[in-house]
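This report concerns only the one structure given below.
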Amino acid sequence: MKPSERLYQKAETIWHASFEHPFVQEIGQGTLDERKFRYFMVQDYLYLLDYAKLFAFGVTKADDEATMRQFANLLDGTMNTEMDLHRQYAAKFGITTDELAEAEQAPTTTAYTRYMLHASHNGGLGELMASLVPCAWGYHEIGKRLVEKYPDAVNHPLYGEWVKMYAGEEFAELADWAVNLMDRVMTGKPEADMKRYEEIFLTTSQYELMFWEAAYHQEDWPRFS
Ligand SMILES: Cc1ncc(C[n+]2csc(CCO)c2C)c(N)n1
């Protein structure tokens, strides 16, 4: 069994719960409250900024030139294209660039990004891939399953573009690349290493689910004022 198959089996219940989460289902049905998606867009912007740092770690942890170059391209693509697309998409919801620049990470965003950055900073390429694969692979799975279950979801005026992006070919390629690299790095590693990767993979999978939950309830820090 490939490492990705083993990890997928372990995380399957959590991934299923993510797909069944009301935030995801209501995107598919086109009924999601716009304020919840707006919250999600702002938090996701902050999330992606930290995620880009994982690609930077990838450059330093890669052990061959081709992999270094791929991480460097992903870092460039995220910083110089994706973030711009995200700002444009956010503008559709009335979110300004200033609002994005001033926004503060919610508790789950902080917990999730700090966890990934910590695991990757202190580990090798295996820990890094265990951190970042559930996000890339998981979003593609969600996009694909949404299109299967709700074929009209791609035509929604607000959420259609989002569904198309994650169900689409370009994102599928990113997910495939990440899964293949993860398999290459983890194959033949001792069981003790695999156990560590499994824990990271399961933890980031749970944070993905918690990210939907946080957006659905517009989670915030306790405020006393
Ligand atoms: C919470 C959260 N998890 C995963 C993604 C999916 N995603 C979209 S772009 C990108 C990086 C590659 O450019 C990733 C991982 C997301 N947006 N937000």
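Cβ atoms here come from the backbone N, Cα and C positions, even for glycine.
According to TrEMBL, the protein carries these features:
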ACT_SITE  Glu208  active site, proton donor
DOMAIN    9-217  domain 'Thiaminase-2/PQQC'
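Around the Cβ of Glu208 (active site, proton donor), the number of neighbouring Cβ atoms within 10 Å comes to 22. When pLDDT values are averaged over the domain 'Thiaminase-2/PQQC' (9-217), the model yields 97.
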